[in-house]
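Marked as active site, proton donor by Swiss-Prot on the basis of similarity to another entry: Tyr58. As annotated by Swiss-Prot, NADP(+) binding site applies to 22-29, Asp53, 158-159, Arg215, 259-269, with the evidence given as experimental evidence.
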Amino acid sequence: MAVQAPCIQLNDGNTIPIVALGTGRGTAKESDSIDEVRQAVYWAIEAGYRHIDTAAVYQDEEQVGQGIAEAIANGLVTREELFVTTKLWNDKHARDQVVPALQESLKKLGLDYIDLYLIHFPIATKPDDSPDNIDYLETWQGMQDARQLGLARSIGVSNFNATQITRLVSNSYIRPVINQIEVNPTNTQEPLVAHCQSLGIAVMAYSPFGFVVSRGQTGAPPPRSDDPTLTALANKYRKSVGQILLRYLIDRGLIPIPKSTNKQRIAQNIDLFDFQLTFEEVAAINQFNKNHRVIDISDWKDYPNYPN
């Protein structure tokens, strides 16, 4: 049976479903067919997801769009019932590049508008990935242009730190509705989450499973899927450890972005609304924090506006 996530209201009055399907292919093997993205999107909509997250840099917007189109054609959903997020890449940060970049994404997605457009990183790069010195405040002007043109219903950012969020809010007439950042048990981001929420900016959480899902990194900090704290919660609520971690984020007021191409797991990852963790259980998971990221962006550490 399909399970639909509740929605919350953003600071611009629009609403957003509180679970999104992630479509980034960072852990995909070269042998994996990109068509699995189209199939995953279709299965997700079939399972009740109404929020799909993608990005220009994922190079799968066409497949995301195909999955959406197929679901609409088969009567599973209407466009208006869906919430689609995509992101501006680092080499399109000049104000006059933003709207054309979004138009290119819309063309690939087969959509007339995007529900949420994000600046993927505060870092600007040239096409060869060398550093550029474009201020993200200029980029935000282009994002505001996109919203005024009706191409993006809502606009926000991703991977911004607290100082950058404060500076952006102080120098813009449209406040970002979202900061999408990595949040999981080993990277709980409590100060940044609290800062965003205090400004009325919602937080989307990517890499929600952290290192609990084996990623093959040596020296990665705990917990793992057999951790006693997590397995006790899974047994108590009759859920998987993955579902416990997603519910942990929801109970912190966050919007998790689980990623899967497995039909059963896609459905499992939204089956989160018949239980709730206690304050003490959320606090116990917070204790795993090591400020250790799954997604390593340190290659850009010497670039202007690196969000350390």
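Cβ atoms are placed via backbone N, Cα and C, with glycine included.
Taking the C-alpha positions, the distance from Arg265 (NADP(+) binding site) to Tyr58 (active site, proton donor) comes to 21 Å.
Between the CA atoms of Gly22 (NADP(+) binding site) and Tyr58 (active site, proton donor) there is a gap of 11 Å. In this structure, Gln268 (NADP(+) binding site) is part of a helix by DSSP. Geometry remark: Ser158 (NADP(+) binding site) versus Tyr58 (active site, proton donor), CA distance 15 Å. In sequence order, the binding-site residues near the residue listed as 'active site, proton donor' (Cα within 10 Å of its Cα) amount to none of Lys259, Asn262, Gln268. In this structure, the residue listed as 'active site, proton donor' is part of a helix by DSSP. When the binding-site residues Arg25, Lys259, Arg265 are scored by other C-beta atoms within 10 Å, Lys259 scores highest.
When secondary structure is read from DSSP and collapsed to three states, Arg25 (NADP(+) binding site) falls in the coil class. Asn262 (NADP(+) binding site) carries neither a helix nor a strand DSSP state and counts as coil. Listed in sequence order, the residues of the same chain lying 6 or more apart from Asn262 (NADP(+) binding site) and placing their CB within less than 8 Å of its CB: none are present. Local packing around the binding-site residues Ser158, Gln268 was summarised as the count of other Cβ atoms within 10 Å of each Cβ; on this measure the leading residue is Ser158.
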